[in-house]
């Protein structure tokens, strides 16, 4: 009986940690979603899917962990077995996702222009330049927020505003470019962020893609322990059912 309780406690503990990781991914996805939505407005809708994937994965992990907890609380063999099947599928998906993300990240490091060749964002860099050049009223808010959040200015740098059709004062930049924010600070062009938003977005995505890849691989490794302890726990439940029947 003590052995059964030990396996049950270990299985519940794993599920609590598993659920916490799901909630963490869900929270990260929700918090980053507004930034990715803004990036999507000015650099292609494909970029918005990263946050959606995090939200989806976090939700699935949370639901599956609840299934495991229910199986443990009710000592239900079928629920625990269903949890294990779901967990194995999640592990395989995480390994594949981690490998894809790592491969993509490696290509980005070796060839920054690779980001422009992703299906759905073929003209990522060209679109960014076009959006800055047009600076249309419906996209100004998104552009300004991205420049503030990523501490960047223009597509390639502050000089892009000197040729922008939608920006009237070619001797200045929008206030969102300023290193130190203040009303009218954009008139001092030399105090604007020097980094272009194409490079800033590239670095922003690179860091997050690498983080997603590492998280997926780490979760997959940790979840292998969950499969092991879950399999042992399901065997103990089966054994307990046989003992009760006899």
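Cβ atoms here come from the backbone N, Cα and C positions, even for glycine.
The shown structure was predicted, so the numbers you read here are calculated from the model rather than taken from an experiment.
Lifted from TrEMBL, the feature list:
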TRANSMEM  12-31  transmembrane segment
TRANSMEM  52-74  transmembrane segment
TRANSMEM  80-105  transmembrane segment
DISULFID  152-185  disulfide bond
TRANSMEM  209-233  transmembrane segment
Tertiary contacts of the transmembrane segment (12-31), defined by C-beta under 8 angstroms and 6+ residue spacing from its ends, are 51-66, 68-69, 72-73, 215, 219, 222-223, 225-226, 229-230
For the disulfide-bonded residues listed (152, 185), most other Cβ atoms within 10 Å of the Cβ sits at 152
